[in-house]
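Per TrEMBL, these features apply:
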- 348-358: compositional bias 'Acidic residues' (COMPBIAS)
- 19-312: domain 'Sugar phosphate transporter' (DOMAIN)
- 344-365: region 'Disordered' (REGION)
- 12-34: transmembrane segment (TRANSMEM)
- 46-67: transmembrane segment (TRANSMEM)
- 112-131: transmembrane segment (TRANSMEM)
- 138-156: transmembrane segment (TRANSMEM)
- 168-187: transmembrane segment (TRANSMEM)
- 207-226: transmembrane segment (TRANSMEM)
- 238-258: transmembrane segment (TRANSMEM)
- 297-316: transmembrane segment (TRANSMEM)
Amino acid sequence: MGRWALDVAFVWKALLTLGLVLLYYCFSIGITFYNKWLTKSFHFPLFMTMLHLAVIFLFSALSRTLVQCSSHRARVVLSWTDYLKRVAPTALATALDVGLSNWSFLYITVSLYTMTKSSAVLFILIFSLIFKLEELRAALVLVVLLIAGGLFMFTYKSTQFNMKGFSLVLGASFIGGIRWTLTQMLLQKAELGLQNPIDTMFHLQPLMFLGLFPLFAIFEGLHLSTSEKIFRFQDTGLLLWVLGSLFLGGILAFGLGFSEFLLVSRTSSLTLSIAGIFKEVCTLLLAAHLLGDQISLLNWLGFALCLSGISLHVALKTLHSRGEGGSRPLKGLSSNPDLELLLRSSQPEDEDNEEEDYFVAQGQQ
């Protein structure tokens, strides 16, 4: 009887993990193809990103309200001093990362975007070394070389290479390295009380919106105001279709962040990291099959080399985590009464560094 109960519990946990991974895949892969699809007919990616930020803020505020009503505990609200001094740098870096990434879809294929964005791990490592969040080791140097070499092979003599789009997404990856390093440092400041990603998203979105607005005003403001698809619209049906499409993207963006949170809180950051590796493979295969992206043998070899670097980084993190007591869900998330509306779990709190691993893993998104 005891063995049967253990088997049932194992199967249930495996099915739950699989379901959460598939949910994460749906949002992550879905928003990539959505952005590419929408930018083919709607050439205002910065405006699209700003509207997504507004939707994420609304859903984050709604989630905070539901959790507060369920737990009867007030949510954290930062003072203006802490908000502008500590959150603003992270918000600005995040806004540029997301904005430039979406902007690049005007010029490059999904496959080139996916491969180049994977290099964010490279920049995360570099900035982690600069901010002394990581120690320089020979294995990290090998990871950097594998990822950089793989990126070079993937883009070398690519038939669908576009320098402008590649520069935009590479710049986004570079800024992404700063973004996730700052995010990690922000969440490690326990006195701020932003360990819950819902609270983090709620506080980041307004400053992200303001940080992206100058770029929008310079590059898209005039064109958007004279476009028939928005401000000079003549067809109400077309306007509603555009706004509905943009709103759908905001739902996907919020769902991506929330599905990552659910996956890590109910499993571990290692699960997210491994799922992220296979997600890149799925995205490239879908891009080649559905969109006709042309990927040569050399490009595939470069992609494999880059993935080997990312896999090595994940393996090193796993060994480090095992040495400190094992890979476990995020500390306190699944047992925190603030999240009873969102998560039902009785797992104990552990002294672990999974938050650091979680947000380093986000560089693969």
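A Cβ is built for glycine as well, from the same backbone N, Cα and C atoms used for every other residue.
With respect to Cβ pairs under 8 Å, the transmembrane segment (46-67) is most closely packed against 238-258, considering the stretches 112-131, 138-156, 207-226, 238-258, 297-316.
Most Cβ pairs under 8 A with the transmembrane segment (12-34) among the ranges 112-131, 138-156, 238-258 are made by 238-258. For the transmembrane segment (112-131), the residues of the chain that approach it from at least six positions outside its boundaries are 32, 36, 101, 104-105, 140, 143-144, 147-148, 150-151, 154-155, 158, 160-162, 165-166, 169-170, 172-174, 176-178, 180-181, 185, 280, 283-284, 287, 293, 299, 302-303, 306-307, 309-310, 313, 360, 363-365, judged by C-beta separation under 8 angstroms. Listed as Cβ neighbours of the transmembrane segment (297-316) (distance under 8 Å, sequence separation of 6 or more from its ends, same chain) are residues 111, 115, 118-119, 121-122, 125, 139-140, 142-147, 149-158, 270, 273-274, 276-277, 280-281, 284, 361, 364.
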